[in-house]
Amino acid sequence: MDSINYQTTTQGVKDALELSSRDLGVSSMEYQGEFDDQYKLIAIYYRINKIKNAFYIFLVLITGGFIYLFYRWFLSFRIAIRFSQCNFTQMTHLLINKTKNDIRIAEDQLVEVQQNARKLPNSNYARLFEYELSQFYIDCQTYQLNCLKNSFSHLTCSQLTTAVDLNEWSEVYGKNIMDIPIKSIPLLILDEILTPFNVFQIFALVVWAVDDYVLYAVLIFVLTFMQMLMQLREIRANLFKIRNMILFNTIVKVCQFETIREKSSIELVPGDIIIIEGNTKISCDCILIQGTCVMNEAILTGESVPVNKAALLKVNQLFRQKENENSMLYCGTFCLRSYTNTNEPVKALVYQTGFQTLKGGLARSILFNVNQSFSFQRDSLKYLFVLAFLGVVQSIISLYLDFSNDESIGQAIINALELLTIIIPPALPTALAAGVSLAMNRLEKQRIQCIKPDKVNVAAKINVCAFDKTGTLTELGLDVVGFRPIKGIGFDKQVSISECNSITIQAMATCHSLSLINNEVHGDPIDLNMFLQTGWKFTEKEITFLDQSLSIIRRFEFQAELQRMSVVLNDYKLFCKGSPEMIQTICLKVPDNYKTILNRYASKGFRIIALAYRDIPKLLYSEIQTANRQLFESQLTFLGFLIFENRLKEETSRTIKELKASNLKPLMVTGDNPLTAINIGQQCYILDQNSKIYLSYIKDQEIIWQEMAMEDQRINEGSSYSIDNIESKTLTTDDIMRSITSYQLCITGDVFEQLQYQYNQGNNKEQILNLFSQIFIYARMKPNHKGDLMILLKQDKRNFLAFCGDGTNDTCALRQADVGLALSTEDASLAAPFTSSIFNISSLITLIREGRACLVTCVECFKFMTLYSCIQSAMVLQCYFWNTDLSLYQYLYQDLWLIIPLAFTMDLTNAFPSLARYRPISDLISIPIISSVTITALTSIAIQIGLVQYLTSQTEFELDEPDEGTPGQINTILILLSNSQVLAVAIAFTQGPPFRQQIYKNIPYIITVTLGILGHIFVIFYPDGFQHLEIVSITSLRFQWIIVGFSLVIAVFIILYEKFVTSALVKKYSQEDINLSA
């Protein structure tokens, strides 16, 4: 792609990475990727150190492969133990670091480099390596790092239209296929087995099997296997979903030596010339060199609007893709119609293939986008390490007790290891995964698809919601309100379209990109509404009205950079329409109050299109076709403003109100006029209608903030905002940063670029982030601006961002936000982890509700599983102290009858129907969570010790002396009490409102708790009915009621503590966590 802007630098590590050795090397590269997103790659040279490698092999052998696990899990360990930095000639591997504005956007990767240099299109000798499904190379002479992509930038457009033998590098670019590599099931199973948790589970399985707890070992195996299956199912399902969307193969017709032959699209290479037929899907990125096509580019834009594509002009200018977008056909788009005026076949030149296509870039961005580290995931690992440490402490105590009782060394070690495996709950990953899967199922029932399960919990933490405007907050189509023509040196009054003069009507009837498909007119909603107002008729070759007939002999398509389009007619007139700001610059003159009238309409929320025209010299047809666009689009005569109404979607205002009522900050990020955006922002309540608004602009390289003053002039009804009022107040950026007052700010793309530059320079980062917290409207934002904004706002670690959009302009933002929600079912939505088939922003409310419910479920389930393991391990340690142990069936009873059913049924509670004013806690390392777990655990252990000590101190209590390691009275007392504690913890930790529905609505959970309590009562009073449990009958009814009393005390304490103390702490902690401007 010629939009790639290579600024490649190669230098010693002393300059690039501040390393000491001049012999060490690094290559870096800045490039512009898919959808104008810019990245930087840094490749650091490494080689396999023979001495280190030999030592590593030795460690693998003596540890029985154990050291390999750390080699596999930790990249830094892998590099340290086998590799050394080196110069280019010694290099065998590269450490790739991918950044954007010095912010890491992908995980570091260690990749292997081809040892044999080879000749490439832009390099005589280079060494290749693969990174993120793309080929890169480093030149052996210049040490430059480049992406291996086809480029025709050295050829002129004229040369491309008569191209021959441009496919000489077919063996370099590989096959034209986007086949995502999916590991086989055995390899995926192996990957799952070798994860840290599953390795520990295998270790636990062996320990329990050695100690003759075979059935319990089988239980651990079943749980581990279930968890692995759930992980494999999610991984494969998501990969296959993406693969099925992008994998495509068809038969294409290829022109070769003046003949046409058919071959598979997989065999296409850059330089091939293919035939484009109607009703076909394009299988590569190609350049139209002959004929005209009408394309459906919904796969890229998310909008099913036909787009006209014209053949590349035969001009002697070097080919640049961005300058010739109107001739580009993209992979995955659909050709609705193709034709030529000479009945010859429509031809296109293959430009990019496989993952180097625009669609391939989209797929790669999804597969390799780095996720922000989420506190719940980080803290859960810390918790497990803490539990492991406690397990080690308990194991040491167990060894001391066993050695004091003259236990054999082997049995003492087994007992110690059992304690270590008990304290890490085996069902934890399965229970957490089940909670996320259930949340995804609930989302799917509400027409929201998810391709990244880990994002469901992240949705719970959203506190900033950014929205695109057109098609997201407002309806995609626009209604024509009227036209504001000029009169003399000023503007006339607003008129209807039927009242316009003939030259204006001709402009509206011809200056568009409409197409005729199956005798129906199709195209952009703005163009279509404008044309239908004129009453003219659109035919295959001309546009007619009564006795008038016009035909378009050249069309200059709309370009975002130029903000305009124009057409040349057969009567030698040029009509142009575009943004008022741009049209003003190419007109001979405009009314003095041009800006005032424009601002007045824009501030009322109207979409304004400016129309202009000129007579052109009577040139030859060939001259018109090849002349430079700028020669035509200059010295125009201004006609007036075409006014459209951009209506809000019905659900927009209600949803924004609900978000603000829940302390979620809404933002608008749009490419539209800032005054229009401000008006829409007020209509949908993003902006407070009673507060002052400041709009930024750049003056003498300084950002100035001007207050928007209310005006009394009327257009139809109501008042409007203006920046022309001389009494309006202006502020500098320093004024706003120093002020303690909160403002409502609006900025444009150029101001955003300057603020972004200041932030990247490292000056006043905190103040700049504080400034961004007061900005509610971002106008005139380019697609890459939107993505950069998401990255910048995420630098405030308290922010969790959601972006909601509907098309390609939003792709960068959908990918870079913490949570992206695409209101589209087209492939462009692949950039977002969530896709809604309900095309309004109310889906975001649903997503946040389900995310919050899922996070609360995961946190409570984590607490429950953690406490159960602490309670059980403390019980077992006390049994060791009394020279007794739990039987196999006692373990199974507690796990199968209580723990697992409770853990899985508590996941079934649905989300609460409305949003709370605060977010749930995700930080496991926080005062509410730590205090809850610690106090409950310590209280439970204290009650266990207290009950045993109290009963054994009673004179009528006769302590039995069971065989060593077998159940006895102490064992019975402890397991009965611990069952009560487990039930109490399960009830206390199953929360209802404000994030989940009332617990009584979760019928399976209520049944499970009821059966658990009933079973527990029967075990206490009728132990003989449960002989397999080896419960020793306690003959004294008083002692039975004492056990019940202790159970009730601990149950009531745990439930009340969670209900009042922990809930109050959670609410206080969550409110302090909110990061919103006033």
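Every residue gets a Cβ built from N, Cα and C, even glycine.
Annotation comment: TrEMBL describes 46-119 as domain 'P5B-type ATPase N-terminal'. The transmembrane segment feature in TrEMBL is assigned to 54-75, 213-232, 383-401, 413-439, 853-876, 896-915, 927-950, 970-990, 1002-1022, 1037-1057. The domain 'P-type ATPase A' annotation in TrEMBL covers 250-365.
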Segment proximity, the transmembrane segment (927-950) to the transmembrane segment (413-439), 3 or more C-beta pairs under 8 Å:
no
If I count Cβ-Cβ pairs under 8 A between the transmembrane segment (383-401) and each of 54-75, 853-876, 896-915, 1002-1022, 1037-1057, which range comes out on top?
853-876
Can the transmembrane segment (853-876) be said to touch the transmembrane segment (54-75) if we require at least 3 CB pairs below 8 Å and skip pairs under 6 apart in sequence?
no
Please check if the transmembrane segment (1002-1022) comes into contact with the transmembrane segment (896-915), where contact means 3 or more CB pairs closer than 8 Å and the residues in each pair are separated by 6 or more positions.
yes
What residues elsewhere in the chain lie close to the transmembrane segment (1037-1057), defined as a C-beta under 8 angstroms and at least 6 residues from its ends?
932, 935-936, 939-940, 943, 946-947, 950-951, 954, 957, 973, 976-977, 980-981, 983-985, 987-988, 1020-1021
Per DSSP, what is the helix/strand/coil residue tally across the domain 'P-type ATPase A' (250-365)?
25 helix, 48 strand, 43 coil
Sequence-remote partners of the transmembrane segment (927-950) [C-beta within less than 8 Å, at least six residues beyond its ends]:
859, 863, 866-867, 870-871, 874-875, 878, 882, 921, 970, 973-974, 977-978, 981, 985, 988, 1042-1043, 1046, 1049-1050, 1053-1054, 1057-1058, 1061-1062, 1065-1066, 1069
DSSP helix, strand and coil counts for the domain 'P5B-type ATPase N-terminal' (46-119)?
29 helix, 22 strand, 23 coil
